[in-house]
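Input: a single structure, listed below in structure tokens.
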Amino acid sequence: MQLESITANIRSRTPWEAIDLGFAMVREWWLLIYTPLALLLLTLITLLLIVIPYDYYWVSLIILWWLKPLYHRLILHIISRKLFGDTVEYASALRELPTLMTKTGLFSELTWRRFSMSRGFLLPIWQLEQLRSTPRKQRQQLLLNNVHTVAIWLNIAIFSFQFILTLSFFMLIWLFIPSEISADLGERIFSNRLDSIGYSVEIIAVTGFVLVMVFLEPFYIAASFAMYINRRTQLEAWDIEINFRKMANRFSLLDKTLPDKKLSTLAAIVLASALGLSTLQQPSYAEEVPLSNVVVTEQLSESRLAGDKSKSIIEEVMLQPDLAFEKMTPKWRLKDKSEEKEKNEIDPPSWLVSLGLIIASLLEYSLWLLVGAAIIALYIFRKHWLPLLVRVPEKEGVERPDILFGMDVRKESLPTDIPTAAKSLWNDSKHREALSVLYRGALVKLINDDQLALEHNHTEGDILRLSRPAITTPRYRYLADLTRHWVAIAYAHKTPSDEQITYLLDHWSSDFAVAAEAEQ
């Protein structure tokens, strides 16, 4: 692989800029790409029309679509050779088809890998790098990082364009088919009852599908290949290597032209600095091209007819046999209400009209009364039907544990003034007992005031997790601090500092106990 022969500007790009580079390749080498591809597809279509019975021409659409991986290999062969400066001719590209069919993993891509959404991006690994088995999987995983999503969306976008253009072409054909033929044409195509016009329509449809596919597939493969080149550039620093090689060539010229070695060294420093600036990733913008002056001219006939003569000539033309005929075409239109009333319709007597209005009013008021009665009944008996729609939790007595972690958590087991009792125990150097009083007080608040369903097998961490949605944020923060200090002294035998215990004692009422009463 001759990096110095690359004909494109190689630098680190975003995936979308790489896709733009691929599209630019197709625009630059379109004749070299489309000619061999068209010859290949023309050969395949000819073979299919010869082999497939004329009643099953629609099957050729499926076969041509399924053989897309074959076309991809021919397109990639041409683009990759041109990118690296090789000379490619139509005949030489077609002569490579046997190799492309046998040594590039075509069989797997026509079978179990046919519906891979990123096969265009992975094709160079099979065809150019010739990797197989474990090395291929490792290489594939490395290259797909950061671009797998873009590769999938590129496939989806190309498929969407192909679907829209193909459907539009089919609809265009349908517009030109006479109505007496198009009425049951679809049924006749799939029931093998086609006449000569039906066969012609089928062949035109196949041709349109092939034209759309030939037009879009080079863009898909070129964009995928450009993304592959961009990933190789990012991983292997191709842009830096190319610039270093160019710089080496400049050095060799400087050695020949500059006798002073100091000047050569200075030139090398300048070139290296310029190289560092040139290798930075920068967004690429389209060049602004000035609009050319467009001169619009109206071509008119030199001789014009007068208004009265034009009218007479138009009338004579409209009397010609080819134009003077009438054709009846049925179509749907809205009914005219004035036409619905028949001329012989007899109006009903006035007393019958009045009776009908009275009955209608009685029925209307009766319905409103029924609706009101139904609403009142629904409200009165809501306890019977509401549980059918919304599952209302039944208020059952929560079983309150008496012992947690070996501590008595009954309400009567605690002192009346919890902070004062805990402070007294702390001053007597009974640190564990002081924190135990505070923590037990918190548990009693959670069990009795917050109705938190605690069980004997719950741990301190479980209690924190269960209390998080049940209490406010300030109370939860206080409980988390208290739990942390309690776990430290109970299990790790680490006594908190005086400042920490003072904070817990001072904020017991404001942050936890009183806040709990405010929530009730």
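Including glycine, each Cβ sits where the backbone N, Cα and C put it.
Proximity of distant same-chain residues to the transmembrane segment (29-50), defined by a Cβ-Cβ separation under 8 Å and at least 6 residues beyond the stretch ends, is recorded for 57, 60, 63-64, 67, 70-71, 74-75, 78-79, 82, 88, 90, 93-94, 97, 203, 206-207, 210, 213-214, 217-218, 222. The feature transmembrane segment is assigned by TrEMBL to 29-50 (among others).
Sequence annotations record features per position, and here TrEMBL assigns transmembrane segment to 56-76 (among others). Residues 33, 36-37, 40-41, 44-45, 48-49, 93-94, 96-97, 100-101, 104, 106, 109-110, 114, 119-120, 123-124, 127-128, 189-190, 192, 199, 202-203, 205-206, 209-210, 213, 217-218, 220-222, 225 of the same chain, all 6+ positions outside the transmembrane segment (56-76), place their C-beta atoms under 8 angstroms from a C-beta of that stretch.
As annotated by TrEMBL, transmembrane segment applies to 150-177 (among others).
The transmembrane segment feature in TrEMBL is assigned to 197-222 (among others).
TrEMBL lists 351-381 (among others) with the feature transmembrane segment.
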Task: Contacting positions for the transmembrane segment (197-222) when only residues 6+ beyond its ends and CB under 8 Å are counted - done: 22-23, 25-26, 30, 33-34, 37-38, 41, 45, 49, 54, 57-58, 60-61, 64-65, 68, 71-72, 75-76, 79, 120, 123, 154-155, 158, 161-162, 165-166, 169-170, 173, 177, 181, 185, 188-189
